[in-house]
Amino acid sequence: MTDKSMINELDEKKLEQAHLEDVVEKIKKSEGQLREHMEVAEEDLKVINNAFDDIHLGMDGDSISMDAALSIHQQQQMLDERNNSWQQSKQRLGILKKLEKNPFFARLDFQEKGEPKKETVYIGLSSFTDKNDHFLVYDWRAPISSIYYDGKLGQVTYMTPDGEQEVDLFLKRQFLVENGKIRAYFDTQETIGDQMLLEVLDGKSSTHMKGIVKTIQKEQNKIIRDTKSKLLFVQGAAGSGKTSAILQRIAFLLYRYRGTLTSSQVVMFSPNSLFNDYIKDVLPEMGEQNMVQMTYKQFLARRLPNLTVESLAQQFETVVDADNKNIGKFVSDVEFFNIMTNYSKLLDQSGMAFKDIKFQGKVFISKEKIQEIYYSYGPQYNLGNRLDATVDRLIKLLHRKIGAEMRSKWVAERIENLSKEQLQALYSTADQEFKNGDEENRFLARKIVTAMLQGVYKNIKRLRFLNVAANYLNFLKAVPQITDLSKWGITEEQWKNYVDNFVKSFTDKQISMNNLSPYLYLYDLVTGRHGELEMKFVFMDEIQDYTPFQLAYMKFKFPRARYTMLGDLNQSIFTKKNSQTLLSEAQKLFDADETRVVQLVHSYRSTKQITDFTKAILTNGQKIEPFNRDGDLPNMYCAKDEQESLQQVKTQLAENDEHNFTTAIIAKTLEDAEHLHDQLKENGVKSTLIRSENQRLAAGTIVLPSFLAKGLEFDAVIMWDASKDKFSEDEQQLVYTIASRAMHKLTITSIGEFSQLLQRVPEEYYQLMK
Ligand SMILES: Nc1ncnc2c1ncn2[C@@H]1O[C@H](COP(=O)(O)OP(=O)(O)OP(=O)(O)O)[C@@H](O)[C@H]1O
């Protein structure tokens, strides 16, 4: 080790630069070897493919010799092996290319307990070893790297797969590297220095999220490296890096369980598809494949292709009256889930609803017959195998019916009218022989009837004879007898209305979010379907927008997975206040000793001024601590009419442009956003309207409704029309969510008086604009 006191900082920087260049050179060399490797693999692939063609050429018609078959098999194996090797090299090359530009971002000097010598390690995006397997760079996910994120100098510990390890840490150094040059370095005492974080946070937003590997904070590191909890519940203020931390966590898990965990065994449920697009680059940039990504609604709706599920906009804009509020609460509760689970057990004895199996418009197997078969199995059968046994019996019945159907008139007519080509197509071989005409007719009849009944066969296999909707309806109707609705403040009349509404929308091929999960849960229970046992990690972002019923259903669908749930109870824009109990609901689903709750209170996204402002909107919120990054006070504009308000927006946009800030104008509803977009256009302001979650974020000024802004961030935000009475008291969280999307500049506009939710913000937190 160099004696630091002997060398001044400049020399130290030179030494580090020389070391960096040495590493880069070795990386380049390694890249060259990989390229050669890939070329050899490509050559091999060509040779094998040619050999394949030769074998095929040597084949005689349809027949294939044993030798040729063996040879094909061998060639295929070789092909797969070479292909894999090529793929791996390519992936590694991609990582090395990134390392070459920025081989490391930190250095640690330490001495492990019980070891005679001090060590120096460098940390980067991925490990890199020289030819003697000596680590020149350690992956940020390696056990030792943890002390970079976690510990102070002095005695610190870190977790290895074999248990805790103690080290004495002397130096923690951070580098700012740009294109192979060390721009600056900082030696820090504590965890990651604020200086480095400030550098990163001062940067501009983009349409895609970035990784935070260099500046992961201690509390975030806890989330990232947790391997014990079955449920990891993260409550974090807006902008506290929840989403960032889980993406890092996924990369960590893929590294930690390399070989046993693949990206297809990790699923992330996110608030909307727009957000999926926003985060899609983070993992690939770390050299990892993306996990499975979808929204909760997509996950369920794909199972009901013939039904339209209530859209985000509908869900958001439906005004919930007092009657429906209580019902909404009840059907979202775990108790409703349990009622349904118990109800399904009754179906073991009676009450399952079926549909007739039809053929050519006529009843082929009646629902009564199916019901008789279904309940002919004794009590030792459960719903799942009762259904399987019914399917088997129905298939047998079908086979018997083929015999009967073969003798029917339509079949004889069909045979008579067959053309020569059609006949040929039915024969097994071109010159098939029959003893007599009767035998030939029987052969043809069987062929025709079997083909015709193929549809019936499929319908049986696909359980189309189950009347899923009727079963669900029967359940809904039975609810008042099973439970005391008055406990939930619901009258029988109100419940009846709710059931009628379900029927009405179902007839129109629509289903509400409230009905969607229970509908599918009942289907799963009835069919005895178990969840996806292969899924190992489930991530749920914006957990505050889930209902307890949905949580319970998730647990049912992925019974073996470990869960990471993150959210901000301050941002419950769909479930509003109900979400306050969500944590306890989630905890009930897991054992207490397997649950860990982490709170992130530091908000990194916004400047101190914006965070102070947004915090003041909440009267009873979760804890938020601003990060000390300085910026302008938020601007508040009050206009006498819409036209004036538009002019104010224009002024603010011009100012934002001067700072090179990308602006998002967030309106409350979709209708508001559309109207505003039209008005801007008339006033000569160019903007892109984001109307639905299926769109992509665009560069330049965008206009979007509040429910699509979830999880996103922008340099500058203009909140449109925060006028008096625009938001009700229970929409505090919505106003908070909108305002907290801003990184550097927040502006609020109103026509007439400001929303009462903003009037409570202390005057020193904003600048009132004239
Ligand atoms: N450790 C960190 N280092 C650098 N930047 C960070 C760090 N943590 C968070 N950030 C930045 O802070 C911003 C907010 O992070 P993120 O979107 O992950 O927060 P969130 O908690 O999911 O927010 P919200 O709940 O409001 O959607 C992002 O720009 C992210 O890059």
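Even glycines carry a Cβ here, placed using N, Cα and C.
Taken from TrEMBL as is:
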BINDING   Gly236, Ala237, Ala238, Gly239, Ser240, Gly241, Lys242, Thr243  ATP binding site
DOMAIN    215-607  domain 'UvrD-like helicase ATP-binding'
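Apart from Gly236, Ala237, Ala238, Gly239, Ser240, Gly241, Lys242, Thr243, the ATP site neighbourhood in this chain, defined by C-beta within 8 angstroms of the site C-beta centre, holds Ser244, Asp568, Leu600, Ser603, Tyr604, Arg605.
There are 24 other CB atoms within 10 A of the CB of Ala238 (ATP binding site), with all protein chains counted. Close to Ser240 (ATP binding site) in the fold, though at least 6 residues off in sequence, lie Asp568, Leu600, Val601, His602, Ser603, Tyr604, Ile624, each with a CB less than 8 Å from its CB.
Non-local contacts of Lys242 (ATP binding site) by the CB criterion (under 8 A, 6+ apart in sequence, same chain) comprise Val234, Gly236, Asp541, Leu566, Gly567, Asp568, Leu600.
All protein chains included, Ala237 (ATP binding site) registers 30 other Cβ atoms within 10 Å of its own Cβ. Neighbour counts were taken as the number of other C-beta atoms within 10 angstroms of each residue's C-beta; across the binding-site residues Gly236, Gly241, the minimum falls on Gly241.
Secondary structure from DSSP puts Gly236 (ATP binding site) in a beta strand. Around Thr243 (ATP binding site), the same-chain residues at least 6 positions away in sequence with a Cβ under 8 Å from its Cβ are Met209, Ile279, Asp541, Leu566, Gly711. Listed in sequence order, the residues of the same chain lying 6 or more apart from Gly239 (ATP binding site) and placing their CB within less than 8 Å of its CB are Ser603, Tyr604, Arg605, Ser606, Thr611, Glu713, Ser740.
A mean pLDDT of 88 is what the model gives for the domain 'UvrD-like helicase ATP-binding' (215-607).
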